[in-house]
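According to Swiss-Prot, the feature repeat 'WD 1' maps to 63-106. Per Swiss-Prot, the feature repeat 'WD 2' maps to 112-152. What Swiss-Prot records for 156-195 is repeat 'WD 3'. What Swiss-Prot lists as repeat 'WD 4' is 199-239. The repeat 'WD 5' annotation in Swiss-Prot covers 299-348. Residues or ranges marked as domain 'RWD' by Swiss-Prot on the basis of sequence analysis: 432-543. What Swiss-Prot lists as phosphoserine is SER759. Sequence annotations record features per position, and here Swiss-Prot assigns region 'Disordered' to 963-990. Sequence annotations record features per position, and here Swiss-Prot assigns compositional bias 'Polar residues' to 964-990.
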Amino acid sequence: MCSSINEGPYNSPTFGKSLSLKVDGGFNAVSINPSGRDIVLASRQGLYIIDLDDPFTPPRWLHHITPWQVADVQWSPHPAKPYWIVSTSNQKAIIWNLAKSSSNAIEFVLHGHSRAITDINFNPQHPDVLATCSVDTYVHAWDMRSPHRPFYSTSSWRSAASQVKWNYKDPNVLASSHGNDIFVWDLRKGSTPLCSLKGHVSSVNSIDFNRFKYSEIMSSSNDGTVKFWDYSKSTTESKRTVTTNFPIWRGRYLPFGEGYCIMPMVGGNNAVYLINLCDDDDSEQNKKTKLQPIYAFKGHSDRVIDFLWRSRHTCDGDYDDREFQLVTWSKDCDLKLWPISDSIYGKVNFDRGKRLEEKLPDYDYCSYNKEPENRENVQKNEFRRLRENFVTTSGLKKNKTNHITWLSGIRMNSATSQEDLFNETKIQNLGEEVSAIGHKFPKVVFEKISVSTRELCLTLNGPWSEENPDDYIFLRISINFPLNYPNKGDPPKFTIEENSNLTMSKRQEILSNLATIGQKYTDSNLYCLEPCIRFVLGEKVSLEDIEEGQEPLLNFDIADHIDFEELSSLDSSYSDSQNPENLSSQSDIESYKEALVFPDTSNQGLDFGRNLALDTTPVPNGCGSCWTATGELFCFFANEKKPEKKQNAIIKLSQKEAGVEKHPFKIEPQVLYDKEVDSSVITAADELKARPKRYVDTLGLGGGTNGDSRTYFDDETSSDDSFDSVADDWDDILRNDIIVRTKIPILRGNFKAFSSVHSESGKTVESTKKNKNLVISKNFSSLLSDRKELALEYLFMDATPEGFARNNALVAEKFDLDEISHCWQILSDMLIDQSDYDPYTTIWNNHPMGIKWFIKEAIVYFERQQNLQMLAMLCCVILSARRKKIPARYYGQELENMEGTIVFNDNESQNTSFWKGSDAFSTRSRSSTVTPNFYGNHLRGKNIHGGDNSSIRSDDHHARLRTHNTLNGSSKFTEPAQKQGSRAISSSPFHSRMPDIKVELLHDDIIEAYEQEDLLHLEVSDIPKFQTYIYQYSKLLFRWGLPLERVKILKVSTDFRSSYSSQGIPPNNNKKSPYNGVLTHWIENNEFGEEKFLARNCNYCDLRVTRSSFICGNCQHVLHSSCARIWWEIGDECPSGCGCNCPEMFDA
């Protein structure tokens, strides 16, 4: 049913020690086995069961994939049901049975709430009873012997329930928090509360009953107070109030002594505070005090989600010998165990060794981390009717947690260690050593990792063939580590599996050398697994360095034995902790200088798995620059300041030519810069030419690197000083860049540090590192024609065209831009509102020197000036002027109930006078069907026959039209075929007593002016170019941080589509916009006269959205649900380009 490695809690290797576990996976709730052996973490992916006595074993994963975050999880506290765990899943509660297989571990599903469950609590006295509370304001009590419905329900009716807790002394009493209030309920009194406690001014986040006094309860709230109540004495005032400077997320009584623990929701240094509850003066009611913690558990880098207590004691003892350990789970994904010292016990008045009134409960000290061997139900209910399984479990994922990755997140330290666990970078245990080795040697396969039993089994390939030394053979090695490893006299024991390719003599040779290496390292209290693996891989290991007190540095040339493609690195957090910049003391820095060790492979062939002569990776940039959208230029350089005193020689470590070397770990410094050589013959070009051109050369690994190459400098030549300093900085940068670039970690437990070269001035590279780079910022915005301040005040919407131009002229004048201001002033004069369809205005607009000419010349001029802002604004203003002047006939609108429609009637007494000195035709308002072009003809005719004697008239002006219609009323007019320079008006009655009359006006200047009027002011062929200007300007606005102005100008640019249609050029609807703008168009009626369905396209894939979709509540842009999942993984702004952060504004 459960596994047990250690005999009891007092053999636990982690109790009383500091432990840190890195567990990624978005876990939001945590609980602990009552025996203190296991921890359960709950998330949307299911449950993780972690064995605290064997944290190096990967967790057991119970899959349960849901979209809802787990609000709470709790392990059954009863010895009768130690395998039960309850967790939330939205409005349901799930009972898990760990004694079953992970694929069939769900025992019950409790469904009685209509909203999400917020808290769960087992009854401390009845193992089958638990309580749940929910956002639906209800509190339910459940009996697992009848789990179909709750046996008790109550509600506050006003506020959602956030917490529910049972009384430790009375199994019929429970309390729940609703908003700012706490209600105490008695199951025997129905849904009427026993009492209500009101005193908080903000939401209550946590409540807890006193373990020893049945009527006392504590509450913690967002108002930053902790209140202690005794509802047997008073329900209106709290017994005591403790104020803090942060909102409190959880607060509970200690399971020992007289005290309590609280943890903040935000702030509070992400710590858990322990406070003494003992108060000599308990008579004073509602006593207010400030927070005075006796101890603070600090170490997390993010908010603490919850804290638990782990305990152990002897079985059937008459004395209280309990020991405790604090367990915390934080949002930084760290599970930490904190030992409790005897001094803390004394501060909370916990008397260990006191005689017990009743014996403590006895729990089976076993772990549920492993899958059960058999699937037999613990309750032996084999006689239940078998249920059909409609869903198979064959497709369930297996527990594929990477063991090496899991080990890399575990760090454990002794409680008596002088080092801080959470700041220490040294190897502390076998698990950390195995994790580091697994990351460094990805070709070494660990078949078995059991840190608890201290057994390893690994496989690798080594050059141990007697027939051909260059051939690699397969080896399987088993390693047993003593309990006190790596103390002196406790070397590991190696066993090599027999292999047909491995002779007995070679096998004995390998075992003998491994035993020698292990003995030498453990005699110096050093971990020996890495040098042993290196030896089996074929590398020569020197033991003399250990005798001389020099600890070998981890070989950076890991590529000697594995391919570059398979090179792995530790997690970023681990790599950061190993960075030489993080050296904590001056002694560490000095040790770098004294014991800088690189393997000298001058005796070995440079075999890196590929030809390094083809590696052209460049060295890091020494300088560079970039422009900003506001016209600022940022430049960075290596610091060229000449040091006060040059060092005599700068040492660079490199590998020599192939050869035989006795000690491969010895240092062989090489002088690159020498003062004694005359530098007068060395030029600056030679200086630069001698620098490395490839990154591999900077590491001293290139096969073509000449070990005798030198670069010289002259202190007396001022022109060479900058090159000297650059050379110094360059060498230091490359040397310190080794760790960052290769990301190969350093095991500080075995090896000394690596630092900069000592200088005669007494300064190290680290001491002057802040001056290594120089960043210069220069503002050249005055040289640019585009101005952000103009964009903030320019107008191009919600006004008349002349108003736009006049405002923009004043804005340009405000910033002393006279040329731009004059252009806007001229344009505003040309756009002044004129009487509609005045013949003089029409002719002037088409004049060769009119507005169209001016706009064309202005655009050409500003194109030469490269003034993108002015080009885009001119296009927007001209387009707004066109929209104002364009008549209805260009939009194809029907005109209904038009006044001025010509009416024909055959009644002489009712004849309409057409031209008898009156100013216009006598008209009658009548509804008639008119084609769009007729309206233009009618307006033209109205001007032609006007009585203005001063107007220009042709001979055709005096032609009288008379037509009689036999029908009483209505006539339908159609426009005949048109020819250039002529117009015809005709009437075609069905039964006319008079012959048809047709009047043509030929070569009329005024009519031609109207007919040929160009209302666009722009060349149609140039419209795509102008649209490009607007689009590029919108991108510039976005880079300036003006998303609203960007959206406005993009909206204006979409009106260019109507410009195409008005000129008789149909837009290409099949062509996608190259600018990803939001294009709008009118929905036309279909052949049945019904409007088409208003469908919207996805802003990601541009396909129609018909089913599940994501609609932003702020910008109203639409995405398919599947497209939204893809986009929000790679982007943080709306895919339409509007600049909205849609996930945050979803329900705006």
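Glycine too: its Cβ is placed from the backbone N, Cα and C atoms.
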Intrachain residues whose Cβ lies under 8 Å of the repeat 'WD 1' (63-106), provided they are six or more past its termini: 1-2, 26, 28-35, 38, 40-47, 49, 113-122, 124, 127-128, 130, 132, 134, 136, 142, 144, 147, 361-364, 368, 371-372, 375, 377-378, 393, 396-397, 399
Model confidence over the repeat 'WD 1' (63-106), averaged pLDDT: 92
Same-chain residues at least 6 beyond the ends of the repeat 'WD 2' (112-152) whose Cβ lies under 8 Å from its Cβ atoms: 68, 71-74, 76-78, 80-81, 84, 86-88, 90-93, 95, 158-166, 168, 171, 174, 176, 178, 185, 187
Helix, strand and coil totals (DSSP H, G, I; E, B; other) for the repeat 'WD 4' (199-239): 0 helix, 18 strand, 23 coil
Tally of residues which DSSP labels helix, strand or coil - the domain 'RWD' (432-543): 38 helix, 26 strand, 48 coil
